[in-house]
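According to TrEMBL, the protein has these features:
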COILED    77-111  coiled coil
REGION    125-151  region 'Disordered'
COMPBIAS  125-136  compositional bias 'Basic and acidic residues'
COMPBIAS  138-150  compositional bias 'Polar residues'
Amino acid sequence: MIELHFKDNFWNTEITCTGGYDAIVQHLNDGRRTCKELEDFMKARASVEEKYAKDLQIKLMWWHQIENISLSHLQLAQTIREEAKKLEDFREKQKEMRKKVEQRMDALHKQKALQYKKTMESKKTYEHKCREKEEAEQTMNRSVNTSNTKQQEKLYAKAQLAKQTAEEADRMYSNNVSIFSKSREDWLKEHIKACEVFEQQEVERINTLRNVVWTHLNQLSQQCVTSDELYEEVRRSLECCDIKEDIEHFVNLRRTGNKPPAPVPYENFYNTQRALGTASVAPQAAR
């Protein structure tokens, strides 16, 4: 199978058309936008992980393993931010490199278009002057037997001037064609270079995105493994849980007594008074 490359497949037969180049640039713009979207997603994910970690710390600080899970999510948030920063740096680096190439190509496109316009205008002038020369010569030849010497000299001078003007237009047109040819050659070389640079950038972008996503998924998988390991420690602790022992431990640690308060009896007011009266008379009788 023939390997396809940008430099072989993005040309246009129309000399002033930039459709092929524009298609590549648009594709690179789409790729840069994809990088930015992934970068923003990772930053958002890092913020979510950080908030989740902080919420765990606030609500369950007394549970040691949950605190460790919180710390692992904080570490994940930091790792994701670092990966997002690498992607941002990569995107900015490609942007700067592209900017130089695009500025060069834009200048060449303008130069090529202006020189082509100038060449076509000089061609039109050249063709017009050639027709004027032919008309002047034909007029002079037709009047050889019908005009006097003075008129003949005048027509001859006019034909000579038309010839000189046509020759000057020819030189101008030929010179513009040469200049345009040089401009076209410069553009062709730079277009090929630009295609090679852009294709290499695209290769690097695809490879970088693939690696970033792969690494990100590995990080998330590792976080699941880490969390599960910490959860397993909690499960092992729960397997050692003895409800009776926990109850006894609490009782022994915090007991306040084994006797409840005595009942509060009903006391009849009159019976209480009589009892008091009897108690006060008894000592006098004893005397």
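Cβ coordinates are placed from backbone N, Cα and C, and glycine is handled just like the others.
Through the fold, the coiled coil (77-111) approaches residues 18, 21, 25, 28, 32, 35-36, 38-39, 42-43, 45-47, 49-50, 53, 183, 186-187, 190-191, 193-194, 197-198, 201, 204-205, 208, 212, 215-216, 219 of its own chain, all at least 6 residues removed from its boundaries and within a Cβ separation under 8 Å. For the coiled coil (77-111), the mean pLDDT of the prediction comes to 95.
With DSSP classes pooled into helix, strand and coil, the tally for the compositional bias 'Basic and acidic residues' (125-136) is 12 helix, 0 strand, 0 coil.
Per DSSP, the compositional bias 'Polar residues' (138-150) is made up of 7 helix, 0 strand, 6 coil.
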